[in-house]
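Encoded as structure tokens, the structure appears first; notes follow it.
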Amino acid sequence: MNPAHLLVLSAVCVSLLGASSIPPQPLHLVQFNGMIRCTIPGSIPWWDYSDYGCYCGSGGSGTPVDELDRCCQVHDNCYTQAQQLTECSPYSKRYSYDCSEGTLTCKADNDECAAFVCDCDRVAAICFAGAPYNKENINIDTTTRC
């Protein structure tokens with residue numbers, strides 16, 4: 001086999017091994033990602049919001065660093081409220097919604113939990129779209145800034 005082909009094949013195999021270690025995202029996060037992309041076309045939500053400020057990403061504490069971080073805090077609080085509903089798990093609940101020209105609508109066929117979670121995500125996506133994105137708030141030291 002040609003050494004160049006062998007090198008390319010090896011690189012592909014290593015890439016695939018790395019990709020297989022990435023855990024799948026819960027369906028709801030895929031839906032929330034879609035909502036954000038509806039309100040902010042061209043955004044890459046997993047990249048842009050997974051480690052922003054004190055509240056965007058997993059966990060959250062302290063004082064939000066800016067308006068966008070406050071959107072994430074409100075979203076976290078909304079999920080806490082959703083968990084008060086009977087058998088409602090906002091991190092895994094699937095819901096139905098439409099996106100039309102940047103406008104999000106939660107569908108009427110959602111059950112109570114799905115409607116609540118859908119609205120949490122809809123409000124957050126709209127909030128993200130209206131908030132400035134400050135690159136200096138990416139990957140901050142949460143022990144000193146939050």
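Cβ from N, Cα, C; glycine included.
Feature annotations, reproduced from Swiss-Prot:
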- His75: active site (ACT_SITE)
- Asp121: active site (ACT_SITE)
- Tyr55, Gly57, Gly59, Asp76: Ca(2+) binding site (BINDING)
- Cys38-Cys99: disulfide bond (DISULFID)
- Cys54-Cys146: disulfide bond (DISULFID)
- Cys56-Cys72: disulfide bond (DISULFID)
- Cys71-Cys127: disulfide bond (DISULFID)
- Cys78-Cys120: disulfide bond (DISULFID)
- Cys88-Cys113: disulfide bond (DISULFID)
- Cys106-Cys118: disulfide bond (DISULFID)
- 1-21: signal peptide (SIGNAL)
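Features as recorded by Swiss-Prot, highlighted on the structure.
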residue : record              : Cβ contacts under 8 Å, 6 or more apart
Cys38   : disulfide bond      : Cys99, Gly102, Thr103, Leu104, Ala125
Cys56   : disulfide bond      : Tyr49, Ser50, Leu68, Asp69, Cys71, Cys72
Gly57   : Ca(2+) binding site : Tyr49, Ser50, Asp51, Cys72
His75   : active site         : Tyr55, Cys120, Asp121, Val123, Ala124, Cys127
Asp76   : Ca(2+) binding site : Tyr55, Gly60
Cys113  : disulfide bond      : Ala82, Leu85, Thr86, Glu87, Cys88, Ser89, Pro90, Lys93
Cys146  : disulfide bond      : Gly53, Cys54, Ser61, Gly62, Thr63, Val65, Ile140
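Shown in sequence order, Pro90, Phe116, Asp119, Cys120, Val123, Ala124 are the residues of the chain, 6+ apart in sequence, with a C-beta less than 8 angstroms from the C-beta of Cys78 (disulfide bond). A Cα-Cα distance of 20 Å separates Cys118 (disulfide bond) from Gly59 (Ca(2+) binding site). In three-state terms derived from DSSP, Cys146 (disulfide bond) belongs to neither a helical nor a strand segment and is classed as coil. Other residues of the same chain near the Ca(2+) site, with their Cβ within 8 Å of the Cβ centroid of Tyr55, Gly57, Gly59, Asp76, are Cys54, Cys56, Ser58, Gly60, Ser61, Cys72, Gln73. Cα separation, Cys106 (disulfide bond) to Gly59 (Ca(2+) binding site), rounded: 26 Å.
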